[in-house]
Amino acid sequence: MGALRPWARFPLLVVGHLLALGIGAAVFQALEGPPALRLQAKLRTELAAFQAEYGACLPPGALEELLGTALAAQARGVSSWGDGSEAGNWDLPSALLFTASILTTTGYGCMAPLSAGGKAFCVVYAALGLPASLALLAALRRCLLPLLSRPGAWVAAYWRPAPARAALLRAAGLGLLVAGAFVLLPALVLWGVQGDCSLLEAIYFCFSSLSTIGLGDLLPGHGRGLHPVLYHLGQLALLGYLLLGLLAMLLAVETFSELPQVRAVVKFFGSSGPRTAEDQSGILGQDELALSTLPPLAAVPEQTPTC
């Protein structure tokens, strides 16, 4: 790999990325294709049985029209199923969750603007709110980074590892902390409270939320018929979880991106031209990462200038 010419490195990276996309698509097709076909066959069987039993009481095409209207409304976050705990889709807690999903780029897809004015306001709100959210996250990162660096500084002061190893240990510790406090622990709580989802589904929801994938196929409280108060409290808890968890995930990702091993890979596939100031200073400064690994300097006696 070291003998590879610089002009061929970036195309190699693109080819590798496209290969990873193809492999991922093939795996998902193999895993999800058979369950989707089984679900489709079950749905057709249920519809055929319903039409055979009640078809004489319904005019032709009435059932298909009703199901089409219900599915179209469900796709836009409007549903009349259940006991009414989710009927108010645009009450204050639901609207707060929707705005949080916009500003955190999660985008669950369980709710969507219906009116033209709502869609226009969504565009303007996201255009103005996303930079403000990034600025807030940057300010919080600066405040929390010294606090999160203290355990690594204590370990480095006690064991005195090499700077590269100290950075790796700190990144691994921060990754384990984020995985435990913002993925595993909330998944256990969701698993215990929700009741109708497995632990794997709860972990899947937490990770997809914090990674801003936000597929929206699983949301706390949906479809369970919770009391409206508990349902809205769950939405507010999810709002706080998104804000805090996204900050923790951002800190972990930036810490890993500044590891010497990662920087070496990026440098290998990057351009071979002269390095700019932006290349030399990442999102997290290298001095911030290595500050806790340096031993304290001895005090240098002040020298009086000679005449």
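Including glycine, each Cβ sits where the backbone N, Cα and C put it.
Remember, TrEMBL labels are computer predictions, not curated facts.
Per TrEMBL, the features are:
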| type | residues | note |
| --- | --- | --- |
| DOMAIN | 88-143 | domain 'Potassium channel' |
| DOMAIN | 195-258 | domain 'Potassium channel' |
| TRANSMEM | 95-114 | transmembrane segment |
| TRANSMEM | 121-140 | transmembrane segment |
| TRANSMEM | 167-190 | transmembrane segment |
| TRANSMEM | 202-223 | transmembrane segment |
| TRANSMEM | 229-253 | transmembrane segment |
When you check the transmembrane segment (167-190) against the transmembrane segment (121-140), do you get at least 3 Cβ pairs under 8 Å, counting only pairs 6 or more apart in sequence?
no
DSSP-derived helix, strand and coil totals, residue by residue, for the domain 'Potassium channel' (88-143):
40 helix, 0 strand, 16 coil
